[in-house]
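Let me begin by presenting the structure, written as structure tokens, before commenting on it.
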Amino acid sequence: MKSGFVSIIGRTNAGKSSFLNALLNEKIAIVSHKQNATRRKINGIVMNGEDQIIFTDTPGLHESNKAINQLLISQAIKSMGDCDLIVFLAPIHDDTSDYEKFLALNPEKPHILVLTKVDESSNAKVLEKITKYQKFQDKFAALLTFSTKQPTYKKPLLDEICKLLPEHEYFYDPEFLTPTNEKEIFREFILEAIYENLSDEIPYLSDAIIKSVKEKTGITEIYASIITERDIHKSMIIGKNGETIKRIGIFARKLIQNLTNTKVFLKLDVVVKKGWSKEEKSLNQIIGY
């Protein structure tokens, strides 16, 4: 019996959240085409035979001078030391530069290099990319390919991961999908709805806070606030006649319902907290680190 923690690491938009959702066969992590959508660590539990793998989705590695982004980067780097194994995701169309930047961080834990999105490339191109990464073979414990759209890639990857995990009793009940508090997942779904329904800088200067969750027979009631930095942003989030916040609510509610399998009542309001994304105290309070 093995049980251990695996940090999913990669650049922004490398598909880390989609990777975790695919392994779980369930959506718990935020997915967006916009950069830096993942702000909090989300854990997912995958059973592979008698072995238990606890995956952690992390913010993407990138370069930025903004306080909020520096906090996210620091948490991703910290997670590399808090795990038993690292899985580094390298999209098949990328060159090796992001992987080389990862190696420059001198990760202490062993890692598996996973070439993702291989369904988007020909076999010849995949083999060519594998050859390019072979020059780093003394750095990684294994090199595998993966596609979230083709389930045949899942089992070989899980088997390889389990080879590198320690012998240990289960950390969690094998029936659990995630040890992450459901409020954290709900707020991530609201944030995803913000990313999908607003453009420009507004999503990056906004976040969500769950005020309360009430479980009633057949329905989950959620009361939440969207935090943003400026009054003009509040007006844009609400939209003309409340149309934008209505779209955000509908989008988020569908995501939550798919996870909870209950009807969901979601009440959103918007709160202005000036400069929250630039102040360490506010960042820690709102993002939760």
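Glycine too: its Cβ is placed from the backbone N, Cα and C atoms.
Marked as GTP binding site by Swiss-Prot: 10-17, 57-61, 116-119. Taken residue by residue with DSSP, ASN13 (GTP binding site) is part of neither helix nor strand, so it is coil.
Per Swiss-Prot, the feature domain 'Era-type G' maps to 2-167; the stated evidence is sequence analysis.
According to Swiss-Prot, the feature domain 'KH type-2' maps to 194-274. When the domain 'KH type-2' (194-274) is classified with DSSP, helix, strand and coil residues number 37 helix, 31 strand, 13 coil.
Residues annotated as region 'G1' in Swiss-Prot: 10-17.
Annotation source Swiss-Prot lists region 'G2' at 36-40, citing sequence analysis.
Look at Swiss-Prot and you will find 57-60 tagged as region 'G3'. The region 'G3' (57-60): residue composition by secondary structure is 0 helix, 1 strand, 3 coil, according to DSSP.
With helix defined as DSSP H, G or I and strand as E or B, the region 'G4' (116-119) counts 2 helix, 1 strand, 1 coil. Residues or ranges marked as region 'G4' in Swiss-Prot (evidence: sequence analysis): 116-119.
Counting every protein chain shown, the number of other Cβ atoms lying within 10 Å of the Cβ of LEU61 (GTP binding site) is 20.
Figure note: comparing Cβ neighbours within 10 Å for the binding-site residues ASN13, THR58, the maximum is reached by THR58. When other Cβ atoms within 10 Å of the Cβ of LYS16 (GTP binding site) are tallied across all protein chains shown, the result is 29. There are 24 other CB atoms within 10 A of the CB of GLY10 (GTP binding site), with all protein chains counted. The Cβ neighbour count for VAL118 (GTP binding site), using a 10 Å radius and every protein chain shown, is 22.
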